[in-house]
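Enquirer: I'd like to ask you about the structure that follows.
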Amino acid sequence: MARHLRRLLLLLLATVVAAAAPALAIFHFDFRFDTDGPYSGGMLSRHDMWRRRAAESRARDAGNSARLAKALGKDGDITAADVTVTPYTHQGHWLTVGVGTPPQPSKVILDMGSDLLWTQCSLVGPTAVQEEPVYDPSRSSSFSLLPCGSKQCEEGAFTSKNCTDKRCAYENYYGVLTATGVLATETFTFGAHRNATVNLTFGCGKLTNGTIAGASGILGLSPGPLSLLKQLAIPKFSYCLTPFADRKTSPVMFGAMADLGKYKTTGKVQTVPLLKNPVEDIYYYVPMVGISLGSKRLDVPAESLALKPDGTGGTAVDSATTLAYLVEPAFTELKKAVMEGLKLPVANKTVDDYPLCFELPRGGSMDGVEVPPLVLHFDGGAVMVLPRDNYFQEPSPGVMCLAVVQSPFKGAPSVIGNVQQQNMHVLYDLGERKFSYAPTQCDKL
């Protein structure tokens with residue numbers, strides 16, 4: 001009887017373990033971050049913030065354009081000298097994560113134009129100035145270097161890489177900055193109150209020049225192979241960017257929490273296909289087919305905005321680029337329509353990084369100027385309506401400037417930047433290959 005009972009208990013235990021195994025093998029990263037903006041807690045004026053963001057946007061675009069040109073085999077068409085750039089310092093929103101066991105705090109900037117998660121690391125020598133203590137892998141029981149022959153090293157989309165002492169050494173460009181390091185694995189802890197701990201491939205590295213506003217590193221969210229999204233097989237994510245001049249946090253949601261239907265919006269939810277560039281994985285693309293200024297449809301051929309089979313053109317969405325970029329002839333048509341439509345004199349002085357500025361009424365500000373919305377048309381009939389503050393800025397008192405510039409080289413994409421996305425909840429459904437968005441009061445989420 002006892003033997004029979006033991007066999008029955010063993011059989012029952014085996015059944016329970018077998019049934020539980022699949023559930024244990026599934027990891028769901030359902031999480032929300034409330035990220036800080038680039039100037040939270042700072043003392044810069046609104047005008048200074050706009051000018052600095054514009055300059056840094058051009059620096060970032062110069063770096064990404066060079067990477068894109070290289071991927072498209074057009075190295076001769078673009079160089080970093082094609083635009084005036086400044087150090088990539090305040091781009092994007094950031095959060096603090098725990099690195100290692102026990103966790104060491106690291107402030108990382110969210111970047112949708114790169115895939116590698118990296119933090120400055122004492123293992124590779126001197127580092128740029130940062131607010132948090134430099135991560136020390138010797139204090140972590142979960143740190144492990146990756147060899148050159150590892151899958152992650154072979155598949156990583158680095159600017160360049162080589163083997164040093166059998167380590168996977170890499171180099172990445174960010175605007176005019178360069179980050180170097182070695183590839184490794186480590187335990188990362190997300191969340192100040194509700195913690196999620198995961199093992200990730202990351203870069204144990206340093207900046208070889210410049211700084212990133214006191215941050216420790218970058219958290220890449222591009223479609224690339226080493227992205228947090230790819231490593232954890234996260235099917236979707238969303239964010240809602242508050243205007244950076246408001247100095248408020250912006251929520252970023254992953255997994256099941258990334259669902260526009262769960263949150264209050266101020267306009268209807270619209271959805272378009274999420275396109276894949278056949279050549280590179282630097283950006284996420286959407287099918288823009290036209291542009292209007294108010295009710296006037298501009299004379300922009302849809303084919304000029306299309307993503308081509310050779311990977312050129314198209315329209316990318318990027319949360320860390322400030323200014324919008326438009327290919328020809330879209331930029332020329334928009335500039336002409338704005339000059340005809342605004343009842344303001346064109347400024348006879350230029351503001352760095354802005355191609356078109358207007359003189360405001362004496363003693364007035366941009367807040368008192370009415371302009372028609374900029375409307376982006378997508379394949380299938382969806383539209384993205386951008387109010388004045390999403391495509392105009394006031395970088396100097398008395399001057400109102402178009403926050404849209406021309407794409408830097410033939411074949412570069414149009415880019416919908418973070419100013420165009422402010423107070424809009426956007427969702428990237430990677431599994432269904434869909435991009436959804438809705439006007440939203442982001443600080444109320």
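Even glycines carry a Cβ here, placed using N, Cα and C.
Here the structure is a predicted model, which means the values were calculated and not measured.
Summarising the annotation, TrEMBL assigns active site to ASP111, ASP318. Feature annotation from TrEMBL assigns domain 'Peptidase A1' to 93-438. Sequence annotations record features per position, and here TrEMBL assigns signal peptide to 1-19.
Let's see these features in context: how buried, what's close, how far.
Expert: The Cβ of ASP318 (active site) has MET112, GLY113, TYR283, TYR284, VAL415, ILE416, GLY417, ASN418 as same-chain neighbours under 8 Å, each 6 or more residues away in sequence.
Per-residue pLDDT, averaged across the domain 'Peptidase A1' (93-438), gives 92.
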Enquirer: Just to be sure I understand the packing, how many Cβ atoms besides its own are within 10 Å of the Cβ of ASP111 (active site)?
Expert: 28
